[in-house]
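Heads up, the thing below is written out as structure tokens.
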């Protein structure tokens, strides 16, 4: 190791005459984290609307407790994932001393995303999306 702030050099297949071309892995990781955060915001908004729909139906709706619990757990996981992605974006991947910590954070975020996907599959299976259409059809307000 040359120094504590050593940067990683990668060789492109189609590199120019200079041979090695410097790639800023930190910039790549930051862009990836921002893109994941945008997807997380979209899912968060969708789950918030599902929660609103289920709550409007009331506690006598089918699977009410199950859906409310799953949606709240999903929302909480999404907040934790967002915080992890912010920390991943803040830390510099090019600094060797951060790489091990960033790898652990990235693994944790990936596991939490997988769990969130599974929870959202169950939310869809229990019919939270039907709750909105049922509430709209049974509403006494004219369209």
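Backbone N, Cα and C atoms are what each Cβ position is placed from, and that goes for glycine too.
Here Swiss-Prot flags 104 as cholesterol binding site. All protein chains shown were included, and the count of other CB atoms within 10 Å of the CB of residue 104 (cholesterol binding site) stands at 10.
Among the features that Swiss-Prot reports, region 'Helix alpha1' is placed at 26-38.
Broken down with DSSP, the region 'Helix alpha2' (39-58) shows 19 helix, 0 strand, 1 coil. Taken from Swiss-Prot, the feature region 'Helix alpha2' applies to 39-58.
Annotation comment: Swiss-Prot describes 1-61 (among others) as topological domain 'Extracellular'.
In the predicted structure, the topological domain 'Cytoplasmic' (94-97) carries a mean pLDDT of 71. Swiss-Prot lists 94-97 with the feature topological domain 'Cytoplasmic', giving similarity to another entry as the kind of evidence.
Taken from Swiss-Prot, the feature topological domain 'Extracellular' applies to 128-143 (among others), supported by similarity to another entry.
Annotated transmembrane segment per Swiss-Prot: 62-93 (among others), in sequence order, evidence recorded as similarity to another entry.
Sequence annotations record features per position, and here Swiss-Prot assigns transmembrane segment to 98-127 (among others) based on similarity to another entry.
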